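Pulled from TrEMBL:
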type: TRANSMEM; residues: 25-49; note: transmembrane segment
type: DOMAIN; residues: 87-300; note: domain 'ABC transmembrane type-1'
type: TRANSMEM; residues: 92-112; note: transmembrane segment
type: TRANSMEM; residues: 124-146; note: transmembrane segment
type: TRANSMEM; residues: 172-195; note: transmembrane segment
type: TRANSMEM; residues: 226-246; note: transmembrane segment
type: TRANSMEM; residues: 286-304; note: transmembrane segment
Amino acid sequence: MAVSTTHRRPGTLTRRRSRRPARPGLWHFLTFAAPGTLVYTCLVLLPIAMSVGYSLTNQALLRPNTQFVGLRNYALLLRDETFLNSLRVTTILTLIVVIVPNVLGVAVAVVLDRRGWLYNALRSVFFTPMVISSVVISVIWTRVLADDGPVNQGLRALGVAEPPGWLSDPDIALYSLSSIVCWQMLGFCVVVYLAGLQGVPQELAEAAAIDGAGPLRRFWKVTWPLLAPALTINTVVLLISAFKIFDHVKVITNGGPGTGTTASVAFVVLQEGFVENRTGYASAEAVVMLVVIAALSVVTLRILQRREVQL
C-alpha cells in the first residue's frame, strides 16, 4: 500500500488570521469627543478665560484704550457697598430658594407617589412652571402681586384695609421675589424626589412596618436616607440657580424698591457691564461670583455625598 506524503516548502505555512474586530484607536475617540469639546470650549471655557483677562483691565465697551490695572478691580470690590449689598441679598435669596423647595418638594413627592390619573395630572401641574419662561412667570406674578392686583383686591374684600405692598415695600419685596422663584423651582424638586422614591425598595418599608415603626418613623429611618442622592441633586441645582437669578429681579423689581433691596449679584454684574459700561469691573464681579459658586458647590457635594446610602 503506497502512502503519499505532501511536503510543504519552508516559508509556505499558512497562518490563521484572527478575526477579532480592530480596537478603536485614538482617532476614533477624538472624532466623537471633538464636537462636544469644541462647543464646551467656545461657550464655557473661552468666556471664562476672557472674563478673567478683562477683570485685570479697565476694559469698557466705548473706551478705545484698555489698560492693565492688575488686581485693582478686586480691591475696589471690597469697598463697593453696592456689590457687598448684592452679596447679602443673594445670600438671603439662596438660603430661601435652597431650603423651601427642598422641604415642600419632599412633602409633595410623598403625597404624589401613588398610581392613578389624578396623581399623574397633579405631577404635570407642579412641573408646568419649570417649562415656562422665567420672564413670563415674572410678568404674571408682577400683575398678581401688584398693589391693585388680585391678591390685594381679595384681601380688601376680606376686610384688610391696607394690604401689604408685596413688591413695593422694601421690607418684604425680597421675600416676595424669593417666593416666586421657589414656586417655579418646586416642580423640579418634586420630580427629582419622585424619581428617588421609585428607587426605595418596598421590602425595607414593609420590614420596618412589621417591626412596629409608624409612617413618620419609616420615612425618617428608611425612606429619607435613601433620598440622599436626590437631595444632593436638588441642593446643588438650586444653589447654582439662586446665584444666577437675574430675569426675575429685572422684570419684577428692577433691583428695588429703594436702593438695591432686591439686587442680586447677577443683576449688579449686568448693570455694571451694560448700563454703567464698566466691562472690566463687571468681569471682576463675575469672576468672584464664579469662585463662590464653585466653592459652595464642591463643599455641598462633599457634605451631602457622605450621607448617601449604597444598597
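The backbone N, Cα and C atoms fix where each Cβ goes, and this holds for glycine too.
Caution: TrEMBL annotation is automatic and unverified by curators.
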Inset, instruction - Residue list, the transmembrane segment (226-246) vs rest of chain: Cβ under 8 Å, 6 or more residues beyond ends. - result: 90, 93-94, 97-98, 101-102, 105-106, 181, 185, 188-189, 192-193, 195-197, 199-200, 204, 264-267, 270, 289, 292-293, 296-297, 300-301, 304-305, 307-309, 311
Inset, instruction - Would you mind listing the long-range same-chain contacts of the transmembrane segment (25-49), meaning Cβ under 8 Å and 6+ residues beyond its ends? - result: 290
Legend entry - Distal contacts, the transmembrane segment (172-195) - CB-CB under 8 A, six or more residues away: 89, 92-93, 96-97, 100-102, 104-106, 108-110, 112-113, 123, 126-130, 132, 134, 137-138, 141, 145, 164-166, 227, 230, 233-234, 237-238, 241-242, 245, 248-249, 252-253, 256-257, 261-262
